[in-house]
Each structure stands twice: as structure tokens, then as C-alpha cells.
Amino acid sequence: MGDKNTLLAVLQYLEKHNLKGTVDLLRKEANLGDETSHSQCPQSDSDVSSMLAAYKSEGDPEKYEEAYGDLKKFVEGALDIYKYELGMILYPVLVHMYLELLFNGHEDQAKRLMEKYGPDQEDYFQDDLKKLSHVCKKDHLKGNELTDTFKSNEFIIRMSRDTLSILKRHLSEKKHSVVQNIIQEHLYLDMYEGVARNKQQIDATSGAMIGEAARADNKARVYFGLLKEPDVSNAALEEEEDEEESGDKPKKKKSKKDHLYPKKSKSDPNAPPADRMPLPELKEAELREKVKAMRDALKRVNLGPDQLPSICSYTLLNANHSVTCAEISEDSSLLAVGFNDSFIKVWSLVPQKLRSMKSADQLQDIDREADDVLARMMDDRSSEACRTLLGHSGPVYRVAFSPDRQLLLSCSEDSSIRLWSLLTWSCVVCYKGHTYPVWDVRFAQHGYYFATGGHDKTARLWATDQHQPLRIFAGHYSDVDCVQFHPNSNYIATGSSDRTVRLWDCVTGSQVRLMTGHKGQVLCLCFSVEGRFLASAGADSRVLLWDLAHGHLLAELCGHTASVLSLAFSREGSVLVSGSTDCTVKIWDFTKLAEAIALEDVNISHNPDIKKDSDTFLLRSFATKNSPVLNLHFTRRNLLLAVGLYDSQS
């Protein structure tokens, strides 16, 4: 829609200057009929000028400081009930005044304005203001990420009807055209009915690069429920028959079988239709793996305040400045580590070593109809405890195992994603689409699909058998630092350096949730087991919990003193763990947290109260000696595995 408006603005400009031939040619190439002629064009002259020039000159540059001072005085003198909502306009108005002064060549006045009022802004905007202060000439505005974002997007502020009417009254009385123009052209005041929010509520959702989420951003329905699990009883029966033939007692097996396969529960009302997203059919080997996972689940320890998880930590030595990422496979049998010298190493975490496939000549002699054909294909003589994969030409930023453990994905600074076969230990596909470094890659829980996020501000959905992305999710204003698939594979969550978390629909390609509240870049995401909640964490050292049904922030868990790099829910979903560069792992009581949040009472019109009493929900904090925690993973029996880097210098 924005592109069409730009095109219409250009057409109107050309018509205004009587360039009829160019107008006709452009309209023909863009497939625009005569309905977009000048007389019917919805764009006004002011729209055109805002498209073609960033900021209009306001004449006297000295008026800016006076106008901002008046606005600040008005906000500080307002009643407490309205003061904090009114205060939200101070930051965007200051930024646009600064840019407007620079654009019109008043560099000294711009510098003076920023030095005088910049330090008064909220702590979470200080980094952006510091970057902005380096832009001190009109020439610097071009191509700068921050200034481009402010120039081309409205800053969103949610405001109650009463607060808005007070602001309008002040503007009409003061008649500062500088402030009026900025609010009119560069701010979007999203009005809601109800009581004005207090400082705590405003601070909870503030901090994003271009303001809060508008209410319209979170209106779409999200199918957060889980898909019906496939019927694995046939595979289980076959496995049980094999075990019975080996001499196991059938009576015990039967009782276990009844416990393992309870009667079919009703399908989740919030789940997407089964055919909404085409998912791959399970292979026989995958069905057997599911049975094995269900058997392991029978021996699982249910965690809680009285039953904390045991933690097994893998520490990487002499690797503090060379390791970039680590990942453990779903069945906890493999560990992959990425390095900044472009290597990937894979270790076996179980006694069974890593074998490669036999040569083509040897494979010809294998009976393809045999039940254990996969085992026969592997060469025992080639078994090793560790394998090295080399192919990238830059640091490897993330690795991800496929659900069946036969494939590994990796992404790198070289802007490519590679798919590795863990049967042949070689690269089978190199995917190219991103134009800059790729920060994250994740497999869908059902396999086949994977998602990536990168420095080009986009996230992408891919399929392993396609060279080009199936979807490109564009909307973030800065790097997409982390991506994560929803457990039902219908949605992808993304976290960004623009300090927002977004949820995208894989089927339609549209953004269905926009969540603001982080005060630093978002570095990790994790969906709850039942799919209703999303946990996010990052450089602001806090863990935030979101409700996907409405896009609301529900809780803010503080306690870490440095960036949080990893999050994980226990297998039954009762515990949330977070790992940080402050060398600690914190365990949070998610069951208690979910009970404390009365979801039915959520006020849809504006923010509900956010749980901030972190100590109430913190079960335990485990410290490593000197190892920042890189990755956390729960085994099927709820043993917590952590991967850290020993830092000998700290």
C-alpha cells in the first residue's frame, strides 16, 4: 500500500508540472488506469511534499528550543493522572525537531537542543539519542538506519481519550506550529477509551524504536493451540511385539501400553485446521522415534518448587573468543558448536559414536528390504567421537538439528545458510537469499521447514527442498536477531534490535502480533509447551512473558545482571529456565506464574497489570564458576543440560 501511495504522489507531482507523456508512460508500466488521475488522486499536496522532502523549514530556528521548553513545562505541570501519558510525546518530538533543524542546515541550534534536553529522556532511549548525536550534518541523514526509520514511520503512542483532549487543547492555545506539525505528521496517537495509564504500565511496554504497538496490530486471530498428535499405536505395537519375542513379559507391556496411549482427547479449540499448513508425513523411523519419546516421558520427573531439575553442564575450554553458538539435538544425543573461524563441530553425547555412510560400492550389496537397512548403511569403522564440518567463509552464528537428527542447518556472516547431512557429514545445499549476515536459523518442530533472520531486517521461511525462500517477513526496523517456530509450525516469532517481538503467519505471510516492552535487543525466544505463551529475553537482562491470544505483556522477570542468551521450558511446561552471560542459570516457577495471571480478566482495550514480583516466581539460581551460559536444553526425562564457555580472564 505504501508503494502505491508513493507512486501516486510521484504521478501527482508529474501532472502538476505538465509532464503528460511521462505520466502516461508511468501509469501504463505500473498498470494504473485512469482512475488514478489527478482529480481522483487521494494524495493531498502535503502528502506529496512529505514524500519528496523529509522536513519543511519552519523559518526561525530559535523557536524550536522555546517550543520544546513550553511543551516540557506543560507536561510537567499536568495532573499526575495524565502526566505520564503526555510525557510519551517528549522523546519523538525532540528527535524530529533535531532532524528538522539538521535538514534545514541549522546545525548549531540542533546540537544545542539535543545537549539541553537529551539527558532528560528515559534511560532506554539514551543509546538511540547517542547514535543520533553523531548525525550532526544534513549529509549524515542519508542512509542512516535510525534517521531513515524516524523519517519514514510514525511514532506510535497509545493515549486515553481524556489525555488526548488535554494535549489538543494545549496545542490550540499555544499555537506552536513547530510542535503541531511534528505531532500531526510524524506521530500516530492511538486513542483508547478508559482511564489513563500510570508510569509503571507505560514503562512496561515502552522502549521500542518507534513506540508502542497500536491496538490494531494485535487484532488478528492467532491459532495458538497444538495440532493433534499422529497415531503412533501401530509403530508401538510392532516394537512391543519385537520386545516380546526377545523374552519380555507381555503382561507388563500391556499395562504400560494402556498408560502410554490414553483415549483420544478432544481436539484443541484454538488449534489451526489440520490442513492449514502443509506438513510432511511422518516416516516410519520418525514414528518409532515418537514412541521412544513417549516411553521416555513415562520416566520423566515432573518439576516444580519441590522437585527442581538436576543440571548437567558442558563447559567448552579454551574457546572463549572462538565459540559463537551451541545447540543440542531434541533427543539429547548430539551437540553441535559453531566457531568464528567458520568451523562447525559435532560431538556425540552418548556412548554411540558418530558413523558415516558406507561407500557407494558397499551400499550396492545391502539388502534394501531389510528392517535395519539404515543401520546396515552405516560404516562402523568410520566411527568418531567428534566430526568437523567446513564450508562457510565467515563466523557461524547458529546451528540447528532437524527433528530426525539426520540434518543440520547453519547460518553465517557470509550471508548463506547451509544444510549438512549427518549421514555423509557433508554439505548438501547452500541457500542464498539474505544479502547480509544471517544471525539465526531454526527448524520447524515438524521438520521440512526452517526459518532464518538476519542483518537485512527480514526473517524468511524456507523449505529444505527449495532454493528460494517461501516467505519473506519484512517489518522490523533493525536486525532480526532471533527466530523461533511455534509448536504447531503455523507461526514464526522474531526478536529484533528494534526492541520488538513480532509473530508472523507462515500461511498468509502477514504480521499478526507486535509486542513492545524490551529495552534492548531481543536475543532469544521460547514458546510454552501448550503454545499459548511466548517468553523472550535479551540485552536488557530481563525475561518477558507474552500472551499470544491478545499480544499482551503478562510478566517481567528480573534478576539477571547481563544479557540473557537462552531460554527453555521443561518438557511438561511447569518450569522456565534462563541462561545468561552473568554466568548463572535461573529457574522460574511457570505454573505459579500462569495461575497468578487471570487470563479471563484481561482488559482488551489497553494493558493489563504486569506481574513484576520476580522473587515470588524464582525457584533457584545456579551459578557457574566463570562460564557464561550459551545454551539450555531439557532432555525427555527433564534433566537440564547447559552449555557454557569457560572465561579464564574474568
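Each residue, glycine too, has its Cβ placed from N, Cα and C.
What TrEMBL lists as compositional bias 'Acidic residues' is 237-246.
Annotation source TrEMBL lists compositional bias 'Basic and acidic residues' at 258-267.
Under the heading domain 'TFIID subunit TAF5 NTD2', TrEMBL lists 58-187.
Taken from TrEMBL, the feature region 'Disordered' covers 235-279.
Residues 289, 292-293, 385-401, 403, 405, 408, 410, 412, 414, 420, 422, 630-631, 633, 635-636, 639, 641, 643-649 of the same chain sit 6 or more residues outside the repeat 'WD' (316-349) yet have a Cβ under 8 Å from a Cβ within it. What TrEMBL records for 316-349 (among others) is repeat 'WD'.
Positions annotated as repeat 'WD' by TrEMBL: 389-422 (among others). Taking DSSP states H, G and I as helix and E and B as strand, the repeat 'WD' (389-422) has 0 helix, 20 strand, 14 coil.
Marked as repeat 'WD' by TrEMBL: 431-472 (among others). Through the fold, the repeat 'WD' (431-472) approaches residues 279-280, 286, 394, 397-404, 407, 409-419, 478-485, 487-489, 492, 494, 496, 504, 506, 509 of its own chain, all at least 6 residues removed from its boundaries and within a Cβ separation under 8 Å.
For 473-514 (among others), the entry in TrEMBL reads repeat 'WD'. With a cut-off of 8 Å between Cβ atoms, the residues of this chain six or more beyond the repeat 'WD' (473-514) that come close are 124, 145, 149, 153, 207-210, 213-214, 217-218, 220-227, 271-272, 276-277, 279, 439-446, 449, 451-455, 457-461, 520-527, 529, 531, 534, 536, 538, 544, 546, 548, 551.
Packing against the repeat 'WD' (515-556) from elsewhere in the chain are residues 123-124, 204-208, 211-213, 217-218, 222, 224-226, 270, 478-479, 481-488, 493-497, 499-503, 562-569, 571-573, 576, 578, 580, 582, 588, 590, 593-594, 597, 599, 602, 604, 607-608, 610-612, 614, 617: each is 6 or more residues past its ends and has a CB under 8 Å from a CB in it. Annotation source TrEMBL lists repeat 'WD' at 515-556 (among others).
Same-chain residues lying 6 or more positions outside the repeat 'WD' (557-589) and placing a CB less than 8 Å from one of its CB atoms are 297, 300, 302-305, 308-309, 311, 520, 523-530, 535-539, 541-545, 612, 614-615, 617-638, 640, 642, 644, 647. The repeat 'WD' annotation in TrEMBL covers 557-589 (among others).
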DSSP-wise, what's the residue breakdown of the domain 'TFIID subunit TAF5 NTD2' (58-187) into helix, strand and coil?
99 helix, 7 strand, 24 coil
